[in-house]
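Below is one structure, written out as structure tokens; the observations come after it.
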Amino acid sequence: MEKISVAVRFRPPNPAAADSPPAGAGDREWRIDDTRVTLHHRAVGPVPGGPFVFDHVFDGAATNERVYGTVVRDLIGAVVDGFNATAFAYGQTSSGKTFTMNGSDVDPGIIPRAVRDVFDTVRQTDDREFLIRVSYMEIYNEDINDLLLLEGRKLPIKENLERGVYVAGLREEIVNSEEQVFELLQLGEENRHFGETNMNARSSRSHTIFRMVIESSAKNRTDSGDPIRVSVLNLVDLAGSERHNKTGAEGVRLNEAGHINRSLLMLGNVINKLSENGKQRGHIPYRDSKLTRILQPALGGNAKTSIICTAAPEEMHIEETRGTLKFASRAKCVSNCAQVNEILTDAALLKKQKREIEELRKKLQGSHSEVLEQVVLKLRNDMHKSELERDRLAMELEEERKLRMRLENHLTEQQKKLEGLDNNSISADQFTDLIQLDALKTPDSKYKPDGFVARRSRYSDDTDFSPIPENLDNIANDDLWTRLNKGCVTDLDMLEMTPGLKRETSFVQDATSAAPFEEPTDARCERLEKDCISDRQQLEESNVRCAALEKECALLRDKNSSLQQELSDSKREANLLVAEKQAQLDDSIARCVVLERELSMSRQDAERLVTEKQELAGELGVERQKMEELKQDIRVISRAFSQREGQLTSLYTKSKAILENCKASHVATLP
């Protein structure tokens, strides 16, 4: 068992609000001390009633990033691991719920941050493969609308053993990136109901539930018995409870406020019952509203839940803030039993879709073909949509068949009455006896005249509802919002009652159109015959509608077959592409082997060349040394040759001089 995580967030003061005093004015104020919230009187001190203690408390300076990191971020890892998780914002109107959930461009809220974290966590999980689908719905005036479609159909709530509580006919889109999710969120926000009140220029007039279904299975596992983890993340933005005298709601806005307050009252009743001890708890009224019915797993069920209660700090909103804090205190006592959701059957969409899609996806990932990946994603979305449409048409067809059976039975009864009247020989006395016998029959309890009004006591003694936790003499009893947060049952006469359902005129006769007892037999036969003709026409119309639905189902089957054929063609094309890629890969591998061999030989040649270069460098050094020695010898020889040349020149000069002297002496000696 695990307690619900409860956080309280005070928005910054809003001096521009209607009838708001200047900032800092007033005798009372809320003070925050870590996880404690206390109401103080500026002159006296703490106001009696005790402090409120929660898991987390944020003041007006807290950002969405801080709130998300403290309260919601741990839920994302749990969802990816297979746990259900829910986070929703609760509080009065204009207290900052939508800003907390959606945020702004500068400070994104919980929903965009959660979407990014889901995909980041999925990308970091290498041992599992994931399939993510999203849906977006709103509860407006107790009608469920699909925000991703513009059809405006009112969707019913169903329940079965495989899926549990779910909304039938709700569009689910398979996504593989956060950008696709943001586009769907933008589409849903455009279709959402907003309105202007005295307290908020863009007030949410409906509860919205953004849901992500995450399926995962182990990678590289072909065993059909491998369990599939299926987890659901609900991110809920509740509409704000409000007082009519503050918002100035009239007409449509007043009707919207009545439905909003009633659904929040039912939510408060569920929280009250869940916060009681197990033996005293009794029946939990989940079915009293569609909001509590959809959120049933998150309230005391199989889910990890975080509640962010938003509050306004102004003194004019003290009573509303006190009610919000009391709701948060009761919610803090609720325990859930969360566990990993594993499915062994083919109910999970990840198994239900063809295994060859997954094999194709793996091959495409191996070949890095983004175009064919988008084609497969589109085909998977088309198959999922066709399955949802087929379920919807099957449900409508079943309803039409039931209606046709009722019409046939009614027609048979009318024909029997006609046959009895045609063959009758009833006397006037017997006819009078039959009239008296009809008068003694039990009246139709299903039909009530238009002026009938069912009144209830002001407070119910039913044990399914919690008693009033405390009495506050300074609160008016006719204030619906205050009683919403006190846990008592409201006076249903003050709310707009749901209009009576229209009944088929062919099933129950209207009292005003009933024939009088004095009606002649022929006139009665004629009237019954006209009713039979009308019933036959309705039966024929029903048959035509059934034929049209069957034809549409056949078209969907043909479309599904064509999708299967397209998928098969895509698979063949992918196989051809994979074979071509494999051939190219084989050629590349062969070329790589040849190149590696050539590279090895080149490396050997390079090593040999390096060795030869080193040897040549050594020989070159030796030759250079020898050359230096030769140069030195040449220099020595040159010097010696120069000296010898000088000596020879000197000897030649001396010899020439001696020769000249000899010639001169010889001439002198001649006679």
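The backbone N, Cα and C atoms fix where each Cβ goes, glycine too.
Taken from TrEMBL as is:
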type    : residues                                               : note
BINDING : Gly91, Gln92, Thr93, Ser94, Ser95, Gly96, Lys97, Thr98 : ATP binding site
COILED  : 340-424                                                : coiled coil
COILED  : 539-633                                                : coiled coil
DOMAIN  : 3-334                                                  : domain 'Kinesin motor'
Packing count at Gly96 (ATP binding site) (other Cβ atoms within 10 Å of its Cβ): 23
Cβ atoms near Ser94 (ATP binding site) (within 10 Å, other residues, all chains): 26
For the coiled coil (340-424), mean pLDDT (0 to 100): 65
Nonlocal residues around Thr98 (ATP binding site), in sequence order (Cβ under 8 Å, 6 or more apart): Ala89, Ser204, Asp237
Site of maximum Cβ density within 10 Å, from binding-site residues Thr93, Ser95: Ser95
Cβ neighbour count within 10 Å of Gln92 (ATP binding site): 26
